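Features of the protein shown, as given by Swiss-Prot:
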- 2-56: domain 'HTH lacI-type' (DOMAIN)
- 4-23: DNA-binding region (DNA_BIND)
- 48-56: DNA-binding region (DNA_BIND)
- 73, 188, 190, 219, 273: hypoxanthine binding site (BINDING)
């Protein structure tokens, strides 16, 4: 196997010159640069990415810790992040926690050992041990709205409480008074914030929040399906159901139609996230829009800026940034107007 010394010997230059050509860390004459690359090709020399990263202090890689890349909302964000990383010349290490807090710590440990330049976090399964692990390193990090607040990382706030309020207010404005909610598990930051938005809107309108109409479940179609079936077994039914996410709404609609009822004629349904497939539901789903592409680009831009600052001034303390973007209502066909 060829080494950098073999390349230098063939060209008649020092190994330092070859290194500068490969890493583009110093100007090298055009003829010499061409000769180095020709020698690399002829010898089939493959520079060690690890060794190169030790010299230039970068691996051109980013780690992303996410609850699950299988869920449509997360999958769309991962796609946006990966595409934007690619355009910026970075590789992406994707780590799924699958709702396992222990995996967060293991993934953090692995990413740090791989010397990634920065880390994105999009999960709620975060322990004090995980925080201690990260705080013991200098790896730049950006945390999404539902992640931990360690006082050190940049954060992106998506104002999902406002989104939950917006969804509920839309139902109220359309004449609905008997409203149920099928939320994600409320120990998760994002599920709790969306639920709090529901409570705020119902309270402002002076409407009764029935405990028997509050459900918690997985952010999956199965979770929505199970909870909706439990709701349909009750004597009194709501005129509308708020879903913690669009994936849950798919299960909710399935449960309603299997009972011989219709959406929205019998029960209206509103989702959250505006995933790509929600427009193709039957009926097309009214939902709360969260721009996955914008979120992904904002996260990467923020992280790359922090990485650059870290490389240029590693000992300089930084003040964490808070970036914000807001949800929007997307009206389709799954909510009936009872005022008409």
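A Cβ is built for glycine as well, from the same backbone N, Cα and C atoms used for every other residue.
Within 10 Å of the C-beta of residue 73 (hypoxanthine binding site) we count 22 further C-beta atoms, all protein chains included. When each of the binding-site residues 188, 190, 219, 273 is scored by how many other Cβ atoms sit within 10 Å of its Cβ, 188 comes out lowest.
Averaged across the DNA-binding region (4-23), pLDDT for the predicted model comes to 87. The DSSP breakdown of the domain 'HTH lacI-type' (2-56), given as helix, strand and coil counts, is 39 helix, 0 strand, 16 coil.
Comment: hypoxanthine site residues 73, 188, 190, 219, 273; largest CA to CA distance 16 Å, whole number.
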